[in-house]
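Peer 1: The structure that follows is given in the form of structure tokens.
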């Protein structure tokens, strides 16, 4: 299915000697220190002057928007005499950008040996991974800062706001109401277990009572429609890949309780995670038995949970690995209900009953000619024997465990404590996130447009939209022009690629309606939610139900081409193949990615790279299967298809040969990360060329104070610094298994090793690590 993708970028150039050069940073450090001090003093005076006055509602790091720029003439070292001298920008915005870049760098490292260490060594040295984090990166820092803003606006109750916003604040307060959560203990969970047909391991005589009337179809439908848990069979509604103007029912293999199927087999660290997972299950069931005044019966609990783990292990074996699911055309099988039933009988499983029961929750009736799309054919073929092997008790224990697993965070501390060892084995962390951050994240992910409206009002300058739109036009134009360089693609395919690129629609910042006070759409979006400050667990169940049913209703609704696929308060960017649409939420439109107060070299190397990355997703190993209208269609000639695969194989091999010390020397999965690597490489290449074109057409950029770097060098340094970050070993191992992105370090090294322009810019001799003898290129 055409899923949304995340952000990334890439570029090219070739070079000269690898001898040690004079430091890029020498000579300007004293000036920079004085400027930073002056800027901070000026800010202090400004702040003191405004105390007591009403300040604008614009907050946070996106500041100095109206400042006057002041410039000092200076000729950077190493630039030919004939080249025009650039102006040095000394505004607070530029000084802060210079300080950030300087602090993040490690000038003792040779850029041609390890550019990631050169660009990020200072950042890595200064930042220790917080106890609550499994990874800590520039992205995480920006998210932390964004959450501080959200905390302030969610806790602000001085004035009555619109209903959607008030509901978000009520949900936040219920999450923060820890005294009530502790007082209620496990009772909210025990109450809901009765609704779902009981958890056999945590009750007596299930087999002889509730179990006698148990039906798999109805249980799966209940989990799907009321709790948004698509267990055993993943049924969901989405745009039809072959006709993006309509929605259709999809049937696919499900997710599992642990992040990757690989954790269910093999030894080493996988065994440790498995053992911790089993103990987690046993501990939760034991607590619930105690609270229900039942005997501990540790033998029964252990036996039941071992059976659950065995069942889930068989399900894991039945699933197809992600690296074998990249060809969406091969995955897609549309059929009627009769064919579905005849092909996948599952020992009497009634597909029509299951699907109709799910849809009945939103009062939708199946049509006689209703079609479904089956993605998970190999899984469904294997599922029949699994269902036949395990008892109703074990299957029900598993279904309810998946609901319980999802809701542990909504319960009292004693339940959270049961997952400590599991989280340590999986993420390397033993300390829970501070409560307010957990609650901010929860509310933002469940009420993204309500929270987004608060964030945009507080921290997003509206004029950013037009500037980003101009950057999109520039990068897209370069993508189209660059098609002429591709010898592996014939003219017919290039023409269709050009048409698709020019048809990509963009969404920037936020949907307009979330700020329109007279537009009731935002309030109507959450009209079915009614929260109580004392009922956090029940509030979370409401969100699950409303989310599930909002999705199910789409089956009979027209596809809205203007629908936003993500909220505004998000530090990320996305591409949707079904919509041929790129999205840049307000949360990512801030330094180091973007600011009107920093040189364009940084903007092109930041958000420009992200723009190129998302555009390139339309032509990666998944996006290439969709046409300009978002319909799955093979618009490629046989010649171009064959050569695309050959170009891609180069990248699969390149990234697959990176051995990651943090992940027990495991290699990056070149197959799983192919789409993101293609986008990274294409994104930085296009952004760099767009920057050079902008300058060639008369664009005047400024130098940053204290940094004797060319504009081109600043571009690449800012690109690399976007990815500064470090991992805990446990999470590194998990990332190798589950993340479709390469590790941060290899996102930088891999893309820049493939760019001749980078080697030229830093004068890297052929044969040095950053100027390899062979390079890969797709776009």
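Any Cβ shown, glycine's included, is placed from N, Cα and C.
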Peer 1: Going by Swiss-Prot alone, which of 156, 530 is annotated as N-linked glycosylation site?
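Peer 2: Annotated as N-linked glycosylation site in Swiss-Prot: 530.
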Peer 1: Of 7-27, 28-48, which span is tagged transmembrane segment by Swiss-Prot?
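Peer 2: The range carrying the transmembrane segment annotation in Swiss-Prot is 28-48.
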Peer 1: Looking at Swiss-Prot, 613, 617 are annotated for Zn(2+). Which of 538, 557, 676 sits in that same site?
Peer 2: 676
Peer 1: Going by what Swiss-Prot says, which of 177, 638 is noted as N-linked glycosylation site?
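Peer 2: Of the listed residues, Swiss-Prot records N-linked glycosylation site for 177.
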Peer 1: Restricting to the chain of residue 175 (disulfide bond) and a gap of 6 or more, list residues whose Cβ falls under 8 Å of its Cβ, or answer none.
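Peer 2: Same-chain residues close to residue 175 (disulfide bond) (Cβ under 8 Å, separated by 6 or more) are 435, 438, 439, 442, 443, 536, 539.
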Peer 1: Quick one: what's DSSP say for residue 89 (disulfide bond), helix, strand or coil?
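Peer 2: The three-state answer is strand.
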Peer 1: Which residue, out of the disulfide-bonded residues 120, 650, shows the minimum number of other Cβ atoms inside 10 Å of its Cβ in this structure?
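Peer 2: Comparing Cβ neighbour counts within 10 Å for the disulfide-bonded residues 120, 650 gives 650.
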Peer 1: Roughly how many Å separate the Cα of residue 120 (disulfide bond) from that of residue 112 (disulfide bond), to the nearest whole number?
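Peer 2: For residue 120 (disulfide bond) versus residue 112 (disulfide bond), the Cα atoms are 14 Å apart.
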Peer 1: Compared by Cα position, which of the recorded positions 613, 617, 676, 680 is the closest one to residue 764 (disulfide bond)?
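Peer 2: If we rank 613, 617, 676, 680 by Cα distance to residue 764 (disulfide bond), first place goes to 680.
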Peer 1: Helix, strand or coil at residue 650 (disulfide bond), per DSSP?
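Peer 2: Note: residue 650 (disulfide bond) is helical by DSSP.
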Peer 1: For residue 530 (N-linked glycosylation site) and residue 617 (Zn(2+) binding site), determine the Cα separation and express it in whole Å.
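Peer 2: On Cα coordinates alone, these residues lie 39 Å apart.
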Peer 1: How far is it from residue 776 (disulfide bond) to residue 680 (active site, proton donor), counting Cα to Cα, in Å?
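Peer 2: A Cα-Cα distance of 12 Å.
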